[in-house]
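Notes to accompany the following structure.
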Amino acid sequence: MSHLILLFSLFLAPAFADRGGQKSTQNLCSNDVSHKRQKRDWIWNQMHIKEEIDAPLPHHVGKITSSVRNNNAKYIIEGEYANTIFKVEETSGDVYAFERLDREKKAEYELTALIIDRTNNRSLERPSKFIIKVYDINDNAPVFVQKVFNGSVPEMSPVGTSVTKVTAVDADDPTVSGHATVTYEVTTGGEYFTIDDSG
């Protein structure tokens, strides 16, 4: 019987020892997690602005925001059009356009956002690229691709015979419904000729 008790205690000893090891490992892991630096992120509102806004400048575009908490934090933007067309309010992160934009000249702008410590100019967050999209308004009239289109038709041709094809283009955004849609109309000679939507 004494042999059996001794054998049983030998089996239990490693099991209890192993539990103690697990507990200490868990404590170490939880301590490691609590001491790890929290990941910070840029937080974006959608960046867009309508073209040709008929209102006093500057025009509000959007806001860049970081989760960094620092009383000395300062927002900066960089890029080809930073601090000329676009400027950022350094404490709030609000981005403004200081020119009226024309989507037909440039449809989007790529800029870089930074947040720095104003006391030593050290970066508080990794730079992040963002795009400002210019939304289209229907501000362009269709234009014929050439001044004169010549056509001919044999005499006595049946009704519906094709005479010529004309083409006009619209510079507005074709992805916005109706903005770049071209329709045709015969303004003189309509008693003899008709034109369909394909020209």
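Cβ atoms here come from the backbone N, Cα and C positions, even for glycine.
Feature list (source: TrEMBL):
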- 1-17: signal peptide (SIGNAL)
- 70-144: domain 'Cadherin' (DOMAIN)
- 145-199: domain 'Cadherin' (DOMAIN)
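Across the domain 'Cadherin' (145-199), mean pLDDT in this model comes to 91. DSSP states for the domain 'Cadherin' (145-199), grouped as helix (H, G, I), strand (E, B) and coil, give 0 helix, 2 strand, 53 coil.
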